[in-house]
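Asks: Structure incoming, see below.
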Amino acid sequence: MVSKAARRRRAAPRQQQRQQSNRASNQPRRRRARRTRRQQRMAATNNMLKMSAPGLDFLKCAFASPDFSTDPGKGIPDKFQGLVLPKKHCLTQSITFTPGKQTMLLVAPIPGIACLKAEANVGASFSGVPLASVEFPGFDQLFGTSATDTAANVTAFRYASMAAGVYPTSNLMQFAGSIQVYKIPLKQVLNSYSQTVATVPPTNLAQNTIAIDGLEALDALPNNNYSGSFIEGCYSQSVCNEPEFEFHPIMEGYASVPPANVTNAQASMFTNLTFSGARYTGLGDMDAIAILVTTPTGAVNTAVLKVWACVEYRPNPNSTLYEFARESPANDEYALAAYRKIARDIPIAVACKDNATFWERVRSILKSGLNFASTIPGPVGVAATGIKGIIETIGSLWV
C-alpha cells in the first residue's frame, strides 16, 4: 500500500507543472489587458488632440456656468462659414416669491431675454396670465431702444445652450413650498384669424399674426420632471435639439406676442408675452425650461435667480459691433459629437446640493462615451470642488 504522503510527493511535481503552465498561459492574457488599456489611453489622448481649440471653447461656453470668468468662445464649430458675433448672456438677480401664489419662471430661447415670469393662485391655471419679460443686462446696447431698430446691430441668431438655477436664500425656519422643473417645446408660428371691418355690409378680412405654440404646457407637469422642496433649489440646462444649428431672423416691431391689437383667442395662444422695456426678438431651437415655485401662505421664500445663454449672432455691417465679429470656426465633428452626447444624457434638472454630481455626470459622458478626457466646471463653487482628476493637458482651458 502506498501511503498518502507518498502519493502527495509524487503528485507535487505534476501540480507545479500545471501551475507553471497556468501562469504561462495567463501572461499573454495580462499582456493583452495591459495593451488594451494602453490603447484606450492613447485613443483618448489622440481624440483630445484632434479636437480643435475652438471646439473646446465651444463646449466650455455651452456647459460652463457664469460663476467662472470665461469668454464666449469663437462660435459654433459646424459647417457654417461667415462672420459671427458670439455672445454669452448672464443674469444674476435676487427674487422674492409671493406667498399664496405659484410662480412660473419660463426660460425660453428668446435673444436678450433671461426669462418670462407669471404668477397665479396656487392650483389655478396660467391661461390668460401674461408672461412678463426679465431682460439680460445690456439688452438696449445689442437690440436698440425701440421696436423699429431691434435688428439694427444684429440680424440673425442661433443658440448653443442656455441654463437656469434657483439658489434659495430663505431662513430655514421660514421657507415652505416646492419647486418643479420640466421642459417645454415652443414654436413660433403664423396664425390666421378673421377681422370684421365696419363697412356696409360688414366685411370679413383674413389677417395673419405671429404666435407661440406650446404654452398650454404651463398647466401640465409631465412625468419627466424634477420635483423637490423649495429649499433644495434647482439647476437645469437646455441645448439645441435640432439636427443642425439654424440661424433665425431677429424680429422687429413686436412689443408683445401677440401684438397689442390682437387677442389671445384670435392668435390661438394660451397666454400672451409682454416685454416692458424690451421687445420680442425671436425664438430659437431648444426646449424652454419651466421652473414652477409654489409658495404657501405665510412662507418666506427668497432666492438668487441665475440665467445664462450662449448665443451666436450675425452682425449688421453698419453696426459698430461688426468690427468685433470673427470668422466662424472650422467644422469640428469631435466637439459636435460631444455636444450631442451630453444633450442626450444630462438630466432634466438637479438640486443645488447635487450640482457636483451633475457635472461629474457630464464629465463621465465625455470620457466614457467619446474616449477623450476633459473637465467641466460646475454651476456653483460646490460643483467645482466636486470635480476630480483634471487632465493637465487641457486643464488651463477650463479654469
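Just so you know, glycine gets a Cβ as well, placed from its N, Cα and C.
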Asks: With reference to Swiss-Prot, specify which of the listed residues Cys310, Cys352 is paired with Cys61 by a disulfide.
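Replies: Record-based pairing for Cys61: Cys310.
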Asks: Which of the three DSSP states, helix, strand or coil, fits Cys310 (disulfide bond)?
Replies: strand
Asks: At the level of the C-alpha atoms, what whole-angstrom distance separates Glu216 (Ca(2+) 3 binding site) and Glu246 (Ca(2+) 5 binding site)?
Replies: 26
Asks: Using a Cβ-Cβ cut-off under 8 angstroms and a sequence gap of six or more, which residues of the chain neighbour Glu244 (Ca(2+) 5 binding site)?
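Replies: For Glu244 (Ca(2+) 5 binding site), the qualifying residues are Asp78.
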Asks: Cα-Cα, whole number of Å: Glu246 (Ca(2+) 5 binding site) versus Cys310 (disulfide bond)?
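Replies: Here the two Cα atoms are 14 Å apart.
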Asks: At a 10 Å cut-off from the C-beta of Cys61 (disulfide bond), count the other C-beta atoms across all protein chains.
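Replies: Cys61 (disulfide bond) is surrounded by 25 other Cβ atoms within 10 Å.
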Asks: Show which residues of the chain containing Cys310 (disulfide bond), separated from it by at least 6 in sequence, have their CB under 8 Å from its CB.
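Replies: Those within reach of Cys310 (disulfide bond), by Cβ under 8 Å and sequence separation of 6 or more, are Cys61, Ala62, Pro72, Gly73, Pro86, Lys87, Lys88, His89, Tyr159, Ala160, Ser161, Met162.
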